Amino acid sequence: MTLRRITLRRITLRHCMALCCCLFGLFSLPSFAVESTSLDPLLADLAEAKISKMVPILDKIEKASDETVLPLFRTLLNGNLYYIKSTKQVVGQFDANGDTFYKDVFTGQANPTLTKRDVKKIRVNNTLRGYLRNAIARIQLTSKNPSVRESAVRELLSKLDDDTIGILERLYPNETNKKVKHAMGLALAMNTASQTKLAVSNRIAAIDTLADSLENDVRNLLTTLSNDENPAIQSASNAALDTIAQRANRFAFVDQLFFGLSLGSVLLLASIGLAITFGVMGVINMAHGEMIMLGAYTTYVVQLIMPNYIDYSIWVAIPAAFLVSGLMGVLIERLVIRHLHGRPLETLLATFGISLILQQLVRTIFSPLNRQVSTPSWMSGSWEINPVLSLTLNRLYILAFALFVFMALVIILKKTSLGLNVRAVSQNRNMAKAMGVKTNWVDAMTFGLGSGIAGIAGVALSQLTNVGPNLGQAYIIDSFMVVVFGGVGNLLGTLVAAFTLGIATKFLEPTTGAVLAAIIVLVFIILFIQKRPKGLFPQKGRAAE
Amino acid sequence: MTRLMKYFSEGRTSGKHTLPFVVILLGVTILASAANLFLPADSALYVSTYTITLLGKYLCYAMLALAVDIIWGYCGILSLGHGAFFALGGYAMGMYLMRQIGDRGVYGNPLLPDFMVFLDWKELPWFWLGMDHFWFAMLMAVVVPGLLAFVFGWLAFRSRVTGVYLSIMTQALTYALLLAFFRNEMGFGGNNGLTDFKEILGFSLQADSTRVGLFLITAILLAVIFVVSQKILSSRLGKVVLAIRDSESRSRFIGYRTDRYKVWLFVYSAVIAGIAGALYVPQVGIINPGEFSPINSIEMVIWVAVGGRGTLIGAVIGALLVNYAKTRFTAIMPDAWLFALGAMFVLVTLYLPKGLMGLYGQLMSKRRTANNSNNTEESQA
């Protein structure tokens, strides 16, 4: 189980597995043909052996074989290994569409004729599982793929025994890959450091090398060693622990920064549409949060429609959400907002009414309960940079996506004729109208664009939080803060404000707690507005007021 | 009549409304109270205690609407944070009522309210001191909202934060308080707020007579506040306030310190909201952070908008009507209420910018012009 979880979480490892499987597919057939002779009797033994007698047999299998035996061990570890009663041949069980099938463990070929009656399960217990995990790691140590080897070494750090050390000592001098060699060195140094029989100077040298590492196991070992009988060892391990703690703190800082950037990107997505409508039309769209919500629900519906293609659903959901929210925005503009032109406080009230209606609509259609949106597999997992720093992929993607949307919007506003008209209207509505700009059309398009981007933000948010009728409300006040802080109608200001607030919140949180951090940020903005009522980057010249 | 019309078209209430309003308000209050106290429960004219409490609640809302109207309708400052002042007043009253429970709480602790015992607190936080005195608690019910309004208004109006920015800031203010009051560490009962009250000034809160008493006091205070506000707004100060609403920069150029007028009007309005909150809590029997939620503050604005902003009477009528509608709607079709409220926001802003009072004014002026053209002599006579 642990192994599976780790393979899932370590993206690099996962990719390597895939690669491995391909390699395996290419090489397994001839190599298996050679080995089958020596392996077959062992497998037959395994099928008949009692659970207590299995370790020696597995040992022999391990010695007699190489990487090709990995699928067998993995199947056994997961408790899916069976043998055919008549032939004593081992097979793996797998489920597809609710039915149970059996396949050859080595070739992966399904054997459709087998039924439950023909086979018997090979049982495993915890001792066996522990052994299997080590065995798998040991086999992987000789893998052709360096990153498989590396993760195998790291896997072994917590359970170094004499056997493994022996293997590592044998492999270390010949290892060519730097990373693997480093990891192996680490394992050997851990071993040296903990050997009380060795000379103190050797152990201290080993401890000093360990100071470079951020592995948990290394830290545990050093903590144990800091209570060693020998004072020299004690001080050396304490010094090493200090060095490690300093480095870990640096990475914790990076981690926090990443979370801040991630929150900032969410704020950016949520507020950028607001910045456009507010800046160009002077309209406070209180229903903006509900546009986000509609986008999130669109994602949900798209996934309902294509349940077997979750990985691709997001590529459908993004344009769909843009359209749904955008059209809703155009509708609202045509029906309500254009009648309230130049009266921002009234638009605030009317759009608030619209937000209530939309929330209740969603509640009536989808129920008031939160809906679960699944994350495409390529977005889940995390990028492990080192043992203390791993960045979740979905946040990383959303950060990139937010920046992409921002760039796209800047390009639309700078390079397209719509952008030209929008800028003209935002600077001087009457003049633009006199020059022949269809301000009505520009208004509707602007509002549609702003709402559509809110919809896209909803797609992104659906990957981070629950999708429910109150989704929009949770972000609306924050979005307003961002827009006000950055300076209305200023995209760059919105960008800077979103990331500033995001990072500030995440850096406050560890010391103050989430709620107090939110309050401090709000109070800060309230005070900031006193000093700069028009935000960070106020509009200048005639355009202002 | 012509003058009245003129006032309406300028969005100002004439003092002529004051007397009828006070008479009707107090008359209805006294009649309802008497019907509750002196008629037998099976009488056709009997008013149940539930209704009395409901009416009392509506009057608190009317007072709150008055507060919003004074600042929005007369000075053009759309505050989306009046829920905060209301709730702060309510919390002051709640703290007093909490202290009156004494050792009758679930844990029977004579000094600490139940939620503090539950959180294993050993002594009363400093801000709870003195709250067992009624006069002190009532002082706090007006001082705390007033002070908050003063600090906020002083900062905001002095640096000329106006319009939409101000609305968003006030909303952020109440949102920040919402987050703060949800915290258990704040010492205000966290999520659950303050409840399980037993008595006020020695009178049981469950007794009919106490309920009627609270209702009467609310009505009287509403009448007093109405009259005082009317006086203030029709005085010279009120005219400056209107001038600020219509063109702040011109008023400033003429030489008025507009920010000071705005600050003091804001404080006055916040104090009224605080009083409304303090009266509200003993009648509904609970105060919790939900009162700070931004939607509450925005709902108040719609009461005023429906009734007609810039007319005190409109604010009261709006609050009563919308809340009555809410009571009915949420009883018949709970799901439809948000649709109705949302539609009200949209339709009123689109079609009734001056609310029901504006509509009434329009109808009256139509009738008058019709009368004028039909029999000119009669109307001149």
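From the backbone N, Cα and C atoms, a Cβ is placed for every residue, glycine too.
For B:21-39 (among others), the entry in TrEMBL reads transmembrane segment. Tertiary neighbourhood of the transmembrane segment (B:21-39): same-chain residues 45-49, 51-52, 55, 208-209, 212, 215-216, 219-220, 222-223, 226-227, 313, 316, selected by CB-CB distance under 8 Å and a gap of 6+ residues from either end.
According to TrEMBL, the feature transmembrane segment maps to B:45-64 (among others).
Under the heading transmembrane segment, TrEMBL lists B:71-93 (among others). Taking Cβ pairs closer than 8 Å, the transmembrane segment (B:71-93) reaches residues 11, 64, 131, 137-138, 140-142, 144-145, 148-149, 152, 162-163, 166-171, 173-174, 177, 181, 188, 194, 233, 238, 241-242, 244-246, 248, 261-262, 265-266, 269-271, 273-282, 287, 289, 291-294, 296-298, 300-301, 304, 309-311, 314-315 in its own chain, all 6 or more past its ends.
Here TrEMBL flags B:134-157 (among others) as transmembrane segment.
According to TrEMBL, the transmembrane segment annotation covers B:164-182 (among others). For the transmembrane segment (B:164-182), the list of distant contacts is 77-84, 87-88, 91, 152, 156, 188, 190-191, 193, 289, 292-294, 297-298: same-chain residues at least six beyond its ends, Cβ to Cβ under 8 Å.
The annotation transmembrane segment is assigned in TrEMBL to B:212-229 (among others).
Below 8 angstroms of C-beta separation, residues 56-57, 59-61, 63-64, 66-68, 70-71, 74-75, 77, 79, 82, 85-94, 97, 138, 141-142, 144-146, 148-150, 152-154, 157-158, 194, 214, 217-218, 221, 225, 229, 232, 237, 240-241, 244, 287, 291 of the same chain, each at least six residues beyond the ends of the transmembrane segment (B:261-281), sit close to that stretch. If you look up TrEMBL, you'll see B:261-281 (among others) marked as transmembrane segment.
Annotation source TrEMBL lists transmembrane segment at B:301-324 (among others).
The transmembrane segment annotation in TrEMBL covers B:336-353 (among others). Long-range neighbours of the transmembrane segment (B:336-353) within the same chain, counting only residues 6 or more positions beyond its ends whose Cβ lies under 8 Å from a Cβ of the stretch, are 299, 302, 305-306, 308, 322, 325-326, 329-330, 359.
Distant neighbours of the transmembrane segment (B:301-324): 8, 11-13, 17, 21, 57-58, 61-62, 64-66, 68-70, 72-74, 78, 80, 222, 226, 229-230, 233, 341, 344-345, 348-349, 352, 354-360; these residues of the same chain sit at least 6 beyond its ends, with a Cβ under 8 Å from one of its Cβ atoms.
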